[in-house]
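Chemist: The structure's right below; bear with me while I get my questions together.
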Amino acid sequence: MDPSARLPYKVVAESFGGLVVGVWIQQFFFGIVCYQFWSYYTSQSKRHDTHFTKTILALLLIGNLFLGVTDFHVLYRSAVVHYGDLDKFDLQTWTMWSEPGVTALVGCIAQVYFLDRCRRVNMQWRKFSPQVLHCVTAFLFMLILLSTAAGLAVCISFWSLTRFSGLAQIPIPISLWLVSTTVADVALTGFLLAALIGTKTAYSWTGNVISRIIRLSVESSIATSVCALLNLLFYFEMMETSYHLLPQFSISRIYTITVLASLLSREDMKSSLQDPNALYLSAITQSRAEQGLNDSDLSSNCNNKIDIQRKTQSQ
């Protein structure tokens, strides 16, 4: 009988189980990423994006393609080429060592995009003085660099250990990487919310769009933070297993999905702002809130407000 057939189920589940399910989950998210990229590159809004945004997306696409290939190689090597050989599963190659480093770089790219977005929003609404804005931006950028450096340290440490079971020997760089990543995500969201929360505009419909931006930002922060925290929790609670690969393989996908979601949401928000009915209702609401208007003035006042809104959108 093949020796691999006598492996206890518990051993197989704790070794190959986390790897197989983790790769399946990240390939599922990769399908979402591919659809989002297709939607972006076939949309009209990409023509107006800066070279910075296009470069960010190109780097994210390259990073996701690289991780998709290397993660599948890890699975194929462990489950097919060396089927049943736990020693070969434990002794991994460069495709496994490089995974934390590339994931950290993908996270860095996404966080730099969100940092630039937060900076521009704060400059537009002028909630902070230029000096405070520069200091906060510099601090967050240093935090992003710390998170990236910690992820690269995990990659180098894994390379020096060569064995999957050796991850239990490097808790400090792994903890620093995942904790700093979570802190950076939460801080970036707080930076953006500081500019948007409490912002008042002359038109209620514009306020609804701001609320949607706030909700999307919070959801993005929660998604990336939960993924990193689950990775940290599984690592410490089940250090001798591969279950921490379940969230680990998906971190880069979640970052990419949040970036693309923020870009693709612009079309819906733009359509909402350009909806004539929405503009008219918003103008009526604002006009009724003002005092001293009679019925004959209401229609004229609404039309004036709609003209102002359209001019604002075209800027």
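Heads up, residue numbers simply count up from 1 along the chain you see.
Glycine too: its Cβ is placed from the backbone N, Cα and C atoms.
Found this in TrEMBL, in case it helps:
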- 182-267: domain 'DUF6534' (DOMAIN)
- 16-35: transmembrane segment (TRANSMEM)
- 56-76: transmembrane segment (TRANSMEM)
- 96-115: transmembrane segment (TRANSMEM)
- 136-162: transmembrane segment (TRANSMEM)
- 174-197: transmembrane segment (TRANSMEM)
- 218-236: transmembrane segment (TRANSMEM)
Chemist: Which residues of the chain, 6 or more past the ends of the transmembrane segment (174-197), have a CB below 8 A from one of its CBs?
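Modeler: Residues 100, 104, 107, 111, 114-115, 117-118, 121-122, 124-125, 127-128, 136, 140, 143-144, 146-147, 150-151, 153-154, 167, 210, 213-214, 217-218, 220-221, 224-225, 228-229, 231-232, 235, 251 contact the transmembrane segment (174-197) from elsewhere in the chain.
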Chemist: Let's see if you can do this one: DSSP helix, strand and coil counts over the domain 'DUF6534' (182-267), in that order.
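Modeler: Going by DSSP assignments, the domain 'DUF6534' (182-267) contains 70 helix, 0 strand, 16 coil.
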